[in-house]
Amino acid sequence: MASSFNEETAKKLLTQVEFYFSDSNLPTDGFLNREVTKSKDGLVSLPLVCSFSRMRNLLGLGNINREDIPPRIVEEVANLLRTSDFLKVSNNGQRIGRGTKLSKPEEVLEQVHRRTLAASPFEYSIKMEDVSSFFSQYAKVNSVRLPPNIADKRRFCGTALVEFSSEQDTQDILRQSLVYAGADLVLIPKSDFDCQRENMIKQLGKSESHNEFRRGQIVKFALKWIASEEKVTNKEKPSALKNKIKEKEDKETGIADREKENGDNSCASLCKDNTDQLVVPPWNNSNSVSSEVLKDLFQRFGSVEHIEYSGGLDSGYVWFTDSETAMKARAAVEFVGGLVVKNNFSVALEAINGEMERELWKRLSSAELEGGKEGHKKEKGKDECFENVQPTKKARKEP
């Protein structure tokens with residue numbers, strides 16, 4: 001029976017099916033590997049293989065179910081696959097598989113990794129066929145993979161993984177200086193790529209965890225100016241404050257429950273009224289408080305993520321690394337009736353609730369990631385995408 005496939009389509013179909021059952025793919029293809037393993041003769045349904053997305057595209061079948069694939073198409077594909085020295089087709093043309101049994105998957109994967117290199121940069125719209133065609137000029141290519149960006153799985157990361165037919169070919173290519181579309185290609189072993197990518201995934205995980213919104217971490221603080229001629233009655237030495245905080249820890253849970261029920265309590269409800277204090281806006285005093293001083297103050301209770309405060313204002317926000325620390329700070333400040341800063345200011349804390357808390361979190365997150373204004377600065381360069389990571393070897397442009 002004459003095939004209806006043209007030469008180009010026939011070549012692509014044969015290459016695709018050989019890839020499905022190859023050492024490069026089968027050990028890591030969970031679905032197909034299970035189908036092969038549970039089959040006594042190692043063969044699987046050819047209509048099933050024809051229903052794979054790339055096969056459907058090559059066959060022009062659209063979104064058809066395997067049960068609805070015309071028998072004529074399956075027969076033509078079977079006849080085409082019989083020309084392969086690598087594949088085995090059943091007598092009835094309904095089943096397909098490898099001609100030889102797959103070796104131990106662990107050993108096969110190790111060999112594949114040694115035959116593979118990572119090449120970059122490639123444009124994000126590039127096709128696997130283009131990469132394969134380019135490297136086929138230098139050695140036989142077994143397979144090409146285009147890994148997704150770790151931060152956006154819908155996009156190509158810019159680095160192609162190219163497997164050659166032998167480890168020696170791979171080593172020879174790594175020593176060459178190649179140029180693609182006017183760009184010097186960076187060539188590194190796959191093992192280096194895997195290490196760099198793993199580090200990027202870890203950093204991204206830390207970043208996502210860090211940027212996850214959690215209630216109760218952000219607290220508003222208010223400053224009251226204490227007249228110099230008045231006696232400060234609530235000044236606490238650091239050691240005394242720590243002792244009072246410790247004494248208060250057993251009562252924190254109850255305080256937190258009351259605060260949740262009365263989340264809109266004013267600052268005055270958290271800081272005792274004191275007749276010794278005269279409320280005067282801090283900006284009228286030359287000894288205004290800096291964000292660094294406030295950060296040192298709040299770090300008595302635990303780690304502080306960010307401080308939003310401009311000198312001269314009478315309020316700001318402190319972002320603790322966890323809600324437990326924020327609760328401890330609020331409970332302790334309420335217990336001692338307000339903290340005293342530089343002998344001139346009393347600091348009271350107030351809960352933030354509802355949508356306002358989420359909006360503040362978005363704003364403080366952006367400021368913290370940008371390095372902040374007067375708050376603590378985050379080390380930059382940790383969350384860059386893999387394609388920006390400096391490789392271990394850089395290819396130079398050909399003369």
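Including glycine, each Cβ sits where the backbone N, Cα and C put it.
Under the heading compositional bias 'Basic and acidic residues', Swiss-Prot lists 370-385.
The domain 'HTH La-type RNA-binding' annotation in Swiss-Prot covers 3-106 and is backed by sequence analysis. Secondary structure of the domain 'HTH La-type RNA-binding' (3-106) per DSSP (helix as H, G, I; strand as E, B; remaining residues coil): 53 helix, 9 strand, 42 coil.
Residue counts of the domain 'RRM' (115-192) by helix, strand and coil are 19 helix, 25 strand, 34 coil (DSSP-based). Positions annotated as domain 'RRM' by Swiss-Prot, on the basis of sequence analysis: 115-192.
Under the heading domain 'xRRM', Swiss-Prot lists 269-399, citing sequence analysis as support.
Marked as region 'Disordered' by Swiss-Prot: 367-399.
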